[in-house]
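Encoded as structure tokens, the structure appears first; notes follow it.
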């Protein structure tokens, strides 16, 4: 047994257990009816659309400089590589082993945001990361760098999840569904216009400004919106179906976290912007004490709140399992998902990144970067898998099976302690 293995392993176990406890607190909140499914969805939405972009702006912006920008290029390439390889594994399993289609996103998209971010914070409190610090480094800056690395990786994962995920869950029906949606857009818009006219008074309440006519008089703003919609639809209809499909697919990649990351990258790479946002107030940081600090505060909410939401979602899944018929869990797909996510990818990622560190000069001399990249492909599937199943129209049996697999995957997540220890020793070996 390597020297210091037991303390490192115990520290990793403690970090993993702290994450499980935060998830458990979400379960408790559901059991005591402090939170429920709809409220968890609203919290998750504000986390992804507001708190995560704020976290990306502050973390990426503060860590990204003109001289450190190249450090993030390997992370983007690595994130694209392991996600595409995971998708390939899933497609092969569907084609040759006749597994259900939802196994592909379950194997491809792991939790790349809240779980690793909280894991890094927990590892820092145990002192494990101190072994990877260079002479001029400190634990606080190392944790901040590691979080920025994971966030950049999460950008790729989120984009692929939003754009490719629903198509992978139900690849056969997805195109037809999109076409049906396009055909229904015009009719729905007309219905919405009529419904808005007839029901807006009811929604807003009657007062002295309420119209006495059966339909509301259209304001200039409403007319402009309607005219803009019809002009846009006319130009859209002129495009070929292939062009429309490409534009829709490209549009799926645009999301709030990506916008936050782009803003953070611009702030970080432009020296005047970096100075006003992140320098001390006496050194020209006119936005640091109020704007940047406020973004940091709401960004920090994402890390813990999103893990609590995972607990709420798992609790809701368990309740559905109790209410529904106990259909047997398909052990072959479940075992394959667990092996790929918690065993295969940790072994492959540690070996690949260790080889790049010791045999090439592709990666910068930052052990925290090596450690983070080794952990990125590991971990349980993302909770977004349930939402993907809803979007793709999966039946209730499949949704129940997915919920059971997610519950089992997160219950088995302490296995990641072995991944943490393996990545720690591999990074230390590469430092020698």
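One-based numbering along the chain as shown.
The backbone N, Cα and C atoms fix where each Cβ goes, and this holds for glycine too.
Those TrEMBL annotations? Automatic predictions, nothing curated.
According to TrEMBL, the feature compositional bias 'Acidic residues' maps to 177-195.
The compositional bias 'Basic and acidic residues' annotation in TrEMBL covers 196-205.
The region 'Disordered' annotation in TrEMBL covers 174-205.
The feature transmembrane segment is assigned by TrEMBL to 12-34 (among others).
The transmembrane segment annotation in TrEMBL covers 72-94 (among others). Listed by sequence, the residues of this chain that lie at least six past the ends of the transmembrane segment (72-94) yet keep a Cβ under 8 A from its Cβ atoms are 64, 100-101, 103-109, 112, 149, 152-153, 155-157, 160, 164, 168, 333, 336, 340, 345, 349, 353, 356, 362-363, 369, 373, 376-377.
For the transmembrane segment (246-270), same-chain residues at least 6 beyond its ends with a Cβ under 8 Å from one of its own Cβ atoms are 48-50, 52-66, 69, 151-152, 154-155, 158-159, 162-163, 178, 239, 277-278. The transmembrane segment annotation in TrEMBL covers 246-270 (among others).
Look at TrEMBL and you will find 330-356 (among others) tagged as transmembrane segment.
Annotated transmembrane segment per TrEMBL: 368-387 (among others), in sequence order.
The transmembrane segment feature in TrEMBL is assigned to 408-426 (among others).
Residues 74, 78, 82, 86, 89, 93, 97, 99-100, 103, 106-107, 110, 362-363, 370, 373-381, 401, 404-405, 408-409, 412-413, 415-416, 418-419, 422-423, 426-427, 429-430 of the same chain lie 6 or more positions beyond the ends of the transmembrane segment (330-356) yet place their CB under 8 Å from a CB of it.
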